[in-house]
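Notes to accompany the following structure.
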Amino acid sequence: MKNIQGAVFDLYGTLYDVNSVAQVCEEVYSGHGDSISRLWRQKQLEYTWLRSLMGRYVNFEKATEDALRFTCTHLGLSLDDETHQRLSDAYLHLTPYADTADALRRLKAAGLPVGIISNGSHCSIEQVVTNSEMNWAFDQLISVEDVQVFKPDSRVYSLAEKRMGFPKENILFVSSNAWDASAASNFGFPVCWINRQNGAFDELDAKPTHVVRNLAEMSNWLVNSLD
């Protein structure tokens, strides 16, 4: 991968653990933390896909809040305004994966420009990064807000070329979400899929360039391939 001049990362589920919200959910709804977290994330993604198809964009915070309301209604849990705000705020305080910081340090030390490209709004991306004290790691924070549509629309991925300043074939796209990795590959990025769960890749006719188990493996492979 000697032609790689920059790398862009998905945020939710790739650099940051979306299931870290389960702890807050458990504090509020004892015995339901994991089920809330899983269904909430599922509906959050579904709402972004459906809104893109319907042409009814809202920012990621609104999609996340709506998904939470559905989740609590579906599970028969009451949701007052204070609890709704507390749980929604948990998405602004996500926990980075244990290997996130070290992996990004390796890329920065190698002189590689690094960005985030996310469904999150500009505000939410900045808050997640700031709250985890990771501002040092990123040269660009790229939001779908600029095109008013969510991944996997190709207009989102085209933002990386504009903001990173390199053609797509020179930008490594990194995601743990198979659907996202497939769409990025279809767009024309070289893609590294972080397969943490040892799962099967989606059958969408567009495959990743490289598959690893975690971010540590990704950084080792990428830095060594740049030499």
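Every residue gets a Cβ built from N, Cα and C, even glycine.
Taken from Swiss-Prot, the feature active site, nucleophile applies to Asp10, supported by similarity to another entry. Counting every protein chain shown, 22 other Cβ atoms lie within 10 Å of the Cβ of Asp10 (active site, nucleophile).
In the three-state DSSP scheme, Arg41 ((S)-2-haloacid binding site) is classed as helix. Within 10 Å of the C-beta of Arg41 ((S)-2-haloacid binding site) there are 20 other C-beta atoms, taking all protein chains into account. As annotated by Swiss-Prot, (S)-2-haloacid binding site applies to Leu11, Tyr12, Arg41, Ser118, Asn119, with the evidence given as similarity to another entry.
If you look up Swiss-Prot, you'll see 175-180 marked as region 'Important for catalytic activity'. Confidence for the region 'Important for catalytic activity' (175-180), expressed as mean pLDDT, is 98.
Residues or ranges marked as site 'Important for catalytic activity' in Swiss-Prot: Thr14 (among others). Taken residue by residue with DSSP, Thr14 (site 'Important for catalytic activity') is part of neither helix nor strand, so it is coil.
Within 10 Å of the C-beta of Lys151 (site 'Important for catalytic activity') there are 23 other C-beta atoms, taking all protein chains into account. Secondary structure at Lys151 (site 'Important for catalytic activity'), taken from DSSP and collapsed to helix, strand or coil, is coil. The feature site 'Important for catalytic activity' is assigned by Swiss-Prot to Lys151 (among others), with similarity to another entry given as support.
In the three-state DSSP scheme, Tyr157 (site 'Important for catalytic activity') falls into the helix class. Swiss-Prot lists Tyr157 (among others) with the feature site 'Important for catalytic activity'.
Here the candidates are the recorded positions Arg41, Ser118, Asn119, Lys151, Tyr157, and by Cα distance the one nearest Asp10 (active site, nucleophile) turns out to be Ser118. Shown in sequence order, Val18, Leu94, Ser118, Asn119, Gly120 are the residues of the chain, 6+ apart in sequence, with a C-beta less than 8 angstroms from the C-beta of Tyr12 ((S)-2-haloacid binding site). Residue pair Leu11 ((S)-2-haloacid binding site) / Lys151 (site 'Important for catalytic activity') shows a Cα separation of 12 Å. Restricting the recorded positions Thr14, Arg41, Tyr157 to those with a CA within 10 Å of the CA of Lys151 (site 'Important for catalytic activity') leaves Tyr157, listed by sequence position.
Of all the Cβ atoms in the protein chains shown, 28 others lie within 10 Å of the Cβ of Ser118 ((S)-2-haloacid binding site).
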